[in-house]
Structure formats: C-alpha cells, structure tokens
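The structure appears below as structure tokens.
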Amino acid sequence: MNDQWYKHLIGARTIKTGIAIFLTAVFCMALDLTPIYAILTAVVTIEPTAKASLIKGYRRLPATVIGAGFAVLFTYLFGDQSPFTYALSATFTILFCTKLKLQVGTNVAVLTSLAMIPGIHDAYIFNFLSRTLTAIIGLVTSGLINFMVFPPKYYGQVEEKLSKTDALMYKLFYNRCQELILSRLQSDKSEKAYKNIFNLNNQVETLISYQRDELSYHKKKECDWKLLNQLTKRAYTNRLFITHLSNIIYLPKNTRVNFSGDEKMALLKISSSIKDIFYDGSFKREDDSVETLRSTIKALEISGENQIKSHILYEVLMIYRLLDSRYA
C-alpha cells in the first residue's frame with residue numbers, strides 16, 4: 001500500500017495547515033500570548049507553493065501591523081463599544097493595504113484588526129506589540145511548514161488533466177469537423193465544449209507554474225526538471241491546438257461554406273484519425289487527405305474567393321501538423 005495514503009485521503013495542504021496551527025498555538029502559549037491572531041495568520045498563509053507563502057507572507061506582515069495599528073488607534077479614540085471603532089478600523093485597513101499594494105494581506109489584516117478590538121481595553125501599546133509578535137509567529141511557522149513538510153508535487157494532477165484535455169480536444173475537433181461538413185458554422189454546443197477545454201488547459205498551466213516554483217526552491221534531481229519540461233511542452237502544444245480549434249469554431253455569422261465531396265472525405269478522415277489517437281495511442285497519417293486540402297487552399301488563394309473556406313482548411317492543416325510533430 002502507498003505509504004502516503006493519508007495525503008490522498010485528507011490532502012497534503014490540509015495536513016500542513018493542521019500542523020502549522022498546532023505549532024503556532026504551542027509557540028504562542030509558551031510565550032503567554034493569545035494564539036488566535038497567530039492562528040488566523042497561519043491559516044491564510046498556507047499557499048500552493050513555498051514561494052507563494054514566502055512572497056505573500058512578506059506582504060501580509062506589514063498589512064497585519066497596519067490592521068493592528070488602526071484597531072489600537074480607533075479604540076483609543078472611540079472605545080471598544082463603539083460601532084465607529086469597528087467600521088473605521090476595517091475601512092482604513094483596507095484603504096491603506098490597497099494604497100500600499102498589500103492586497104494579499106488585506107483579509108488577515110482586517111480579521112486581526114476587528115478581532116483584537118474587544119480585548120484592547122487600556123493596554124494599547126502592549127496589545128499592538130503582542131498582536132504584531134503573534135502575526136510574525138504565525139507567518140514564520142506556516143511558511144516553514146509549507147517549505148519543509150510535504151513539498152507539493154503536481155506531476156500526477158498535471159498528467160491527469162493533460163490526458164483529459166487531449167481527449168476532449170480530439171473529440172471536439174472531430175465533432176466540429178462533422179458540423180462543418182454539414183455546413184453548421186454556428187454551434188453553441190461546440191462553443192460550450194471549447195470553453196470547458198480552455199479552462200481545463202488554464203488549470204494545467206497554473207499547476208505547471210506551481211511545480212516550477214516549487215522546484216526552484218528545493219534541490220531536485222535532473223529527472224524532475226526533465227519531466228516538468230516534457231509536461232510544459234505538451235501543455236504548450238495543447239495551447240496551440242486549442243487556439244487553432246477556436247478559429248474554426250468562432251466564425252463570422254451569416255456566412256456559407258460548401259465543401260466538395262473530396263474535401264468532405266478529407267475532413268472526415270483527418271478528424272477521425274485525430275479522434276482515434278486517444279483510443280489507439282498513435283496517430284494515423286492521412287497524407288492523401290492533407291494533399292487534397294492543400295490543393296484546395298492553393299486554388300482558393302489564386303482565385304481570391306471564399307476566404308472563410310480557405311481559413312477553415314488552413315486551421316485544420318495546422319492542427320494536423322501539430323499532432324504530426326507530437327507523434328513523429
């Protein structure tokens with residue numbers, strides 16, 4: 001059995017959050033400090049990567065200090081029983097965090113500011129310093145836990161999403177070619193499927209960026225970088241495929257395109273060969289069909305007629321070329 005089964009059951013990030021909360025509470029209690037403010041800071045500081053934790057933590061600390069400062073200031077002016085204290089503390093904290101470009105720390109700063117108001121009483125300086133210290137404890141603890149415990153590995157998620165993207169792309173390309181053969185240039189169904197694929201590929205690229213950040217902060221073997229580069233190249237090819245696919249989905253309204261019998265057969269064979277990649281694991285070349293479409297494009301360029309048709313066939317050939325290179 002996998003010795004890391006618990007990570008699949010709970011989630012590494014959840015485990016790290018729990019550890020960070022526990023250690024933060026231990027440190028604060030050992031120093032006789034109220035742990036709640038440090039825990040709030042620790043919870044929001046756990047990020048997908050160690051780099052993100054360090055960068056955002058660097059901005060959250062001054063934001064928290066700002067929030068604590070305004071809480072003390074307005075409690076001194078209006079007392080802890082006034083609605084103005086809460087409203088002005090939150091408003092000015094948000095305003096200053098925005099002006100100083102500390103937006104990533106706004107949430108924890110506002111929470112800290114509002115939570116500490118009832119306990120300030122007359123100990124203004126002490127509460128300000130203690131809240132600042134607890135914020136530092138929360139930031140440092142969660143940052144170290146995120147860096148040292150269960151360094152994120154997104155390879156599995158990336159490969160899974162890439163495979164899903166491939167399958168959806170190939171299927172949509174096949175279905176879209178069927179629509180074009182039947183002269184259905186506008187298709188809400190294809191547009192919806194395209195948006196789903198586009199969003200899925202964005203998720204892939206986000207995970208790849210997370211993994212690249214993680215590798216840059218940890219000493220990793222050359223094979224890790226090699227695998228990441230392979231996944232990056234695959235995602236880049238998918239991005240190009242999706243771009244060309246969009247160009248045969250989003251076509252001008254009120255246009256008509258008619259294909260000859262040979263052109264329809266060529267589109268059918270090319271789209272079928274691409275759809276079957278997911279099932280066969282290989283790419284069947286359709287050289288004769290490709291040549292048919294190339295000849296049509298050349299003829300249209302000479303005559304200068306039906307540019308939409310030429311555009312569609314060109315995009316189909318570009319998609320074919322991408323996969324021809326991938327499976328060369």
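Keep in mind that glycine also has a Cβ here, set from the backbone N, Cα and C atoms.
With a threshold of 8 Å between CB atoms, the same-chain residues lying at least 6 positions outside the transmembrane segment (19-39) that come near it are 45-46, 112, 115-116, 119, 130-131, 133-135, 137-138, 141-142, 145-146, 149. Taken from Swiss-Prot, the feature transmembrane segment covers 19-39 (among others), and the record attributes it to sequence analysis.
For the transmembrane segment (61-81), the list of distant contacts is 41, 88-89, 92-93, 96-97, 100, 102, 104-106, 108-114, 116-118, 120-121, 124-125, 127-128, 131-132, 135-136, 139: same-chain residues at least six beyond its ends, Cβ to Cβ under 8 Å. According to Swiss-Prot, the feature transmembrane segment maps to 61-81 (among others).
Positions annotated as transmembrane segment by Swiss-Prot: 108-128 (among others).
As annotated by Swiss-Prot, transmembrane segment applies to 132-152 (among others).
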